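Report on the structure given below.
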Amino acid sequence: MMNAAFQQTATDSKTGDAPAILEMRGISQIFPGVKALDNVSIALHPGTVTALIGENGAGKSTLVKILTGIYRPNEGEILVDGQPVTFASAQAAIDAGVTAIHQETVLFDELTVAENIFLGHAPRTRLRTIDWQAMNSRAKALLTALESNIDPTIRLKDFSIAQRHLVAIARALSIEARIVIMDEPTAALSRKEIDDLFRIVRGLKEKGKAILFISHKFDEVYEIADDFVVFRDGRAVGQGRLKETPQDEIVRMMVGRDVENAFPKVDVAFGGPVLEIRNYSHRTEFRDISFTLRQGEILGIYGLIGAGRSELSQSLFGITRPLSGKMMLEGREITIHSPQDAIRAGIVYVPEERGRHGLALPMPIFQNMTLPSLTRTSRRGFLRAAEEFALARKYAERLDLRAAALSVPVGTLSGGNQQKVVIGKWLATAPKVIILDEPTKGIDIGSKAAVHGFISELAAEGLSIIMVSSELPEIIGMSDRVLVMKEGLAAGIFERAELSPEALVRAATGNA
């Protein structure tokens, strides 16, 4: 259904009988050169999970920033319990009962669990000092309600992503949030961790919370959400009940077309060996790994969480050092002690957590894209802005980067466009080997097909690619061969003709 019909019914056709907790009516957000949101109306109801679906750049992130008080819309109004409100700051949104749990949780490693939960609203004694005993006790009660035995007095620095999400949810409960926004919460979770998260979400529903669930994973959307809203090009183009709407229809709403070939793999005539790894071992994470990567080949690496896939990739890039083993690049033995060594050798790495490890978020797009290539854009120690812009523009156009300008901070981009910046900055160095760690994590279905197509193009041009992925369709659809890892060991290398979900899962789990 199209936007006009949706706008008329968005606030009164939702599933629940209860009035909406929060409504957005006619919201528009305008930035220089782009209308990020165009006359958007949505309603969130108590005890209901509403999935917000759309391609990267569709306006989802802008909507979340408005709801959390980071942006103030140019047009439209927000109502809470039927009363107009203005979120002039993040604190104003929190005071109104709105909280967000992001894909990369905003928590502080050096603070304890309890301190993170009650940051900014810690219980006080009569003397107005922090009541540490009460804070730890309340944090423990919140965690127990979430069926967690996490010690609230320990620091967060060694916590897994799943544990961080749990702390973020406990924080939401501590401020008595009524509207909970979950932005790609399952992106780095195992299936068991996803099941645990969904159990908590269902508990929040029972407590009457209104939940806005943002995800690109349709199986999870259909599992946990009741309703959906689809964004495209800054507009809300469709809404309804998930159980009444086929997935293909939602995809058509998202992209305005049918997406037929999600894995546009190109057959490539491989060249000779480019990277050879022999008996590579790490002190704790992986042991005795060997493989050969040929020119133009896409080598997939698959395994369960904790199998050592990312750790192996990071070691190849020099983030960590191997305990033993040999690395050969184009027939010559090399030693990689640091990422700088790897870059000089022609090996680059696109990390899983792009926001934390791949980008300088406050810096402009063009500077992020040219950081590893400063020797090409400087003369006698002085940077040449025109050359920086020209280099950044070249790869921005090649990757179809969607941004108002190359001078805007990269942190203002959607997740998919941020990923394009990371890939572009490494392509600008003319590498021989590129390692892609979860390259489509947090990317929508339409953009995934585009990224897959670009990966295939790079392979056809002779670039050698290592692709780490936890998504079986991606591994099978894009790889020429697959190295399966299990508990730090190589469980097998499969040729393309041998690839099947059953074979890879059996190898990854040890159930031969």
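Cβ from N, Cα, C; glycine included.
Keep in mind it's a predicted model, so treat the numbers as computed, not measured.
Taken straight from Swiss-Prot:
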type: BINDING; residues: G54, E55, N56, G57, A58, G59, K60, S61; note: ATP binding site
type: DOMAIN; residues: 22-258; note: domain 'ABC transporter 1'
type: DOMAIN; residues: 263-512; note: domain 'ABC transporter 2'
Using DSSP, would you call G54 (ATP binding site) helix, strand or coil?
strand
Once the chains shown are all counted, how many other Cβ atoms turn up within 10 Å of the Cβ of G57 (ATP binding site)?
25
Count the Cβ atoms, other than its own, that fall within 10 Å of the Cβ of G59 (ATP binding site), considering every protein chain shown.
25
Check the domain 'ABC transporter 2' (263-512) for me and report the mean pLDDT.
89
According to DSSP, does G59 (ATP binding site) sit in a helix, a strand, or coil?
coil
